[in-house]
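Quick look at what Swiss-Prot lists:
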- H42: active site, nucleophile (ACT_SITE)
- C159-C370: disulfide bond (DISULFID)
- C212-C310: disulfide bond (DISULFID)
- C345-C349: disulfide bond (DISULFID)
- N92: N-linked glycosylation site (CARBOHYD)
- N133: N-linked glycosylation site (CARBOHYD)
- N167: N-linked glycosylation site (CARBOHYD)
- N177: N-linked glycosylation site (CARBOHYD)
- N191: N-linked glycosylation site (CARBOHYD)
- N267: N-linked glycosylation site (CARBOHYD)
- N322: N-linked glycosylation site (CARBOHYD)
- N331: N-linked glycosylation site (CARBOHYD)
- 1-30: signal peptide (SIGNAL)
- 31-380: topological domain 'Lumenal' (TOPO_DOM)
- 402-423: topological domain 'Cytoplasmic' (TOPO_DOM)
Amino acid sequence: MAGKRSGWSRAALLQLLLGVNLVVMPPTRARSLRFVTLLYRHGDRSPVKTYPKDPYQEEEWPQGFGQLTKEGMLQHWELGQALRQRYHGFLNTSYHRQEVYVRSTDFDRTLMSAEANLAGLFPPNGMQRFNPNISWQPIPVHTVPITEDRLLKFPLGPCPRYEQLQNETRQTPEYQNESSRNAQFLDMVANETGLTDLTLETVWNVYDTLFCEQTHGLRLPPWASPQTMQRLSRLKDFSFRFLFGIYQQAEKARLQGGVLLAQIRKNLTLMATTSQLPKLLVYSAHDTTLVALQMALDVYNGEQAPYASCHIFELYQEDSGNFSVEMYFRNESDKAPWPLSLPGCPHRCPLQDFLRLTEPVVPKDWQQECQLASGPADTEVIVALAVCGSILFLLIVLLLTVLFRMQAQPPGYRHVADGEDHA
C-alpha cells in the first residue's frame, strides 16, 4: 500500500513539474516566412530584330519588334496566379501598397509583364473594384531610364575592366576551339541570312528571330532545319556563358551580376534586422539579368532562362530566432519551382553563411573595380614622364635663379663722358 502511494506521489510530482514547465517556459516559435524577393524574365515577345533576307519584317508583328505578345501576357498572369497560391497566408489576398514593391527595366515588354503578373497576383476584391465588369486594378510599377539603370539591365557598362576580361576570354582555348569548330557553320548562316558581321557573340540574334517566328506559326526557311536550330540554340547558350563566365567568372560576377546580388543581400540583411521593407520585392527584367545573377551565385544551369521564368529568394526566421535563405527557380509553368542550393551551403542556408559565401562576388566599389589596372608599360611611361617633369622643373628653377641674380647685381664703375651733366 505504501509502495502504491509512493508511485502515485511520483506521478503527481511529475505532472506538477510538467505543468510548471509549461507555464514558465515560453511557447516554441514556429518557423515563419519573413521576406520574398522575385526576379523574373518578361513573357513571350516578338523578335528584337531580324536579318536582311528574312521574309518576315517588322510589319509582320502587331506591335513591332521586342514587344510582349498576348501569349506573354497570359504567361505572366498565370505566374501571378501561381505566386498568389504559393504565398497565400503570407501576403494579403488584396493589394496593400505597404506589402509590395515592383521595379522593372524601362522596356515595354518588362513593364507590361509586371502589370500582367500583378493582375494575376492581386485581382481586386470588394472596394478595390472600380468597375464591376473589370477584374483588374492599377498597381504601380517603378522604373528608371535605361541609360541610368545600374541594377537590372545587363551587361552593365561602361566598364573598361569588363571589356578587357571579354577580350581575354576571346583568347581562351575554349573560345578559340568553339570559334574554329563553328567557322563553316557561321559562314553558312551568314550567307543564308545576309548578315556580314556574324560571330559567336551575335549569332544568338538569328536563333532568337527564328525561334520567335516558329513559336508563332511562321514557316521557317529550308536552311533552318531542326539540326540547324539545335546548333544555333547551343551557340546561343554559349553566348550567355561568354558574357558572364568561361574565364575569370568570379571577377566578371563582381562587375556584373554581383551588383544586383549586393542589393539583394542588403535587402535580406535589412529585413532580418529591422523589417523596414515591403514583404514582397519584385524585379521584372530579362534573360541576361537572370543569367548574370545565377552566374554570380554559381547556380546557372547553362541554358537560357525561358519566358516568365522566376528566381525566388525566401527569407525565413527559424524557431531558434535565426534566419535562413532558400532559393528556387521556376522555369516550367506546369511544375513546382526547383530548389537551388548555393555551393557550400544546404538548401536551407543560414543567412550568415549565405552572406559569407557570396561576399567574394560582390563589388566593394564598382566604379573603381571597373578601372584598368596600371600594367608594366604604363608604369614605365609614368616614371619617364615623372623624370622628365622633374628635370624640366629643375631647369626652370635654375634659369629663374640666374635671372634673379643678374637683376640683383649692383652696377659697376664707368667713365663719365665729356660734356655729360653731373647729377
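Each position is counted from 1, following the chain as shown.
Cβ atoms are placed via backbone N, Cα and C, with glycine included.
Fair warning: this is a prediction, and the values are worked out from it, not measured in the lab.
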Message: Mean pLDDT across the topological domain 'Cytoplasmic' (402-423), rounded to an integer, is what?
response: 49
Statement: When the disulfide-bonded residues C345, C349 are compared by other Cβ atoms within 10 Å, fewest goes to C345
Sparsest-packed of the listed glycosylation sites (N92, N133, N167, N267, N322) - C-beta count within 10 angstroms: N133
Field: Rounded Cα separation (Å) that holds between N177 (N-linked glycosylation site) and C349 (disulfide bond)
entry: 38
Task: Sort the recorded positions H42, C212, C310, N331, C345 by C-alpha distance from N133 (N-linked glycosylation site) and give me just the closest.
output: H42
Field: Other CB atoms, at most 10 A from the CB of N331 (N-linked glycosylation site)
entry: 20
Query: Are any of N267, C310, C345, C349, C370 (the recorded positions) within 10 Å of N331 (N-linked glycosylation site) when you go C-alpha to C-alpha, and if so which?
result: C310
Integer Cα-Cα distance in angstrom, N322 (N-linked glycosylation site) to C349 (disulfide bond): 11
